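Trainee: Dumping the structure here so I can ask a few things about it.
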């Protein structure tokens, strides 16, 4: 037994050395980029694309109403239609998150992403033809379908990226999700400029653009492998999993990766995909689930969405004219994208936990400063400039960690059988929190005025404290290692080294037994 332990230690050392020498492959980068391009990029694009043509869309509603009913639309009705057009995106996202688990179970990770492009194309057609057809209902339905697309994408994409990545690149590859969200927001801002598509005659092309990233993903993703973990653990396709690992990792000998997945499968209580109810009842993942729920709620409730309420007003107070406001607000999208890229580059050095805590705590600090500056901007002429700097700092703090790491953690904290249900719960919390902010913040802002940001200060501080106390670092750890990190707080037994060795030996014997059974079956045939 001692010799076996020594062999296992030597094997672990050689594994770590080979991982350090391993570099990113073109296949892995293509899967991360094109998978995100047709998924999270479209989510970010839809967050910003409706802002530029808002006046033209309302004018279209009024024109259509006159053609139908012979009288102008009332101010209350046009406000209601516009609110429905904007908020129904979140409702569609909730539907998409709830349906993602079933689709992923049937089609797999890559198959779900490919199917999801059909929703983007249908939405682009409805949104583009709505004005020509004199139907504002088509715009509303198109936004609903685009929300479904985003809800599915934010579940399937992080799952796919986490399962195709080696553990020492998992954070960086996972941050493609956040980077492409920020890039989508920035692209929506740029294309919405008056010199480009933000005009009365061209605003419908802002929505036609939705089809382009979806079509690019449809052209590239079919030629890239499916998640090898999905193939091996859920489809029992070891040959397919081996080929997928070889392409993603750029090497022929992937026996260690296959053995790691076999160990994870052997250690799980349930090899089949569990339901949401089973996940909620399981004591083995109780604190993982609580952590994901709190992290995802803080992702939406930390106040970033509410920051846009004040941006244009602060810029006007600083003396900027209406004609140059769109150009200055481009800085927010640029800061988002830059911060997300930097976070992706340093996440494997710094770790998930420090970046999350730093991001939330920094947001609390800058929200506090923003509250002070807002209350003094009428007395000091240069105070609005400081307020705008605080807004940029809040955005950069968010994108440095909280903007993407919650999705990475959802994939890392759960083993294979629990992961789809975990993403369904995380997605539900995400979209419900998003809807709650949009619904409640106007009332909070009306009651507390500039002190409304103190609510987000409390959320960010409480989130930072919880993450510091409960969340273990997941950098460079296997999914089994991460699960064992929660074993103590979940009051679950931690396997001893001897049990782990028995697990490895039993896997090898099971593999040999399966090979012998297959040989016997072929002989009998």
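A Cβ is built for glycine as well, from the same backbone N, Cα and C atoms used for every other residue.
TrEMBL: automatically predicted annotations, no manual curation.
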Trainee: Given 260-284, 385-409, which one carries TrEMBL's transmembrane segment label?
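Mentor: Spelled out, TrEMBL records transmembrane segment over residues 385-409, not the other listed ranges.
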Trainee: Quick check on the annotations: TrEMBL lists transmembrane segment for one of 57-77, 141-161. Which range is it?
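Mentor: Based on what TrEMBL states, transmembrane segment spans 141-161.
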Trainee: May I ask you to check whether the transmembrane segment (141-161) and the transmembrane segment (24-45) make contact, with contact taken as at least three Cβ pairs under 8 Å and only pairs 6 or more apart in sequence counted?
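Mentor: In this chain the transmembrane segment (141-161) contacts the transmembrane segment (24-45) - 3 or more Cβ pairs sit under 8 Å.
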Trainee: Looking only at the recorded stretches 80-104, 203-224, 421-444, 450-471, which one has the largest tally of CB-CB distances under 8 Å to the transmembrane segment (289-311)?
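Mentor: Answer is 421-444, with the largest number of Cβ pairs below 8 Å.
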Trainee: Let me spell it out: take the transmembrane segment (354-373), skip the flanking residues so only those 6+ beyond its ends count, and list any with a Cβ under 8 Å from a Cβ in it.
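Mentor: Counting only partners 6 or more residues beyond its ends, the transmembrane segment (354-373) has Cβ contacts under 8 Å with 295, 298, 302-304, 343, 346-347, 383-384, 386-387, 390-391, 393-394, 397-398, 400-403, 405-406, 450-451, 453-454, 456-457, 460-461, 463-464, 467-468, 471.
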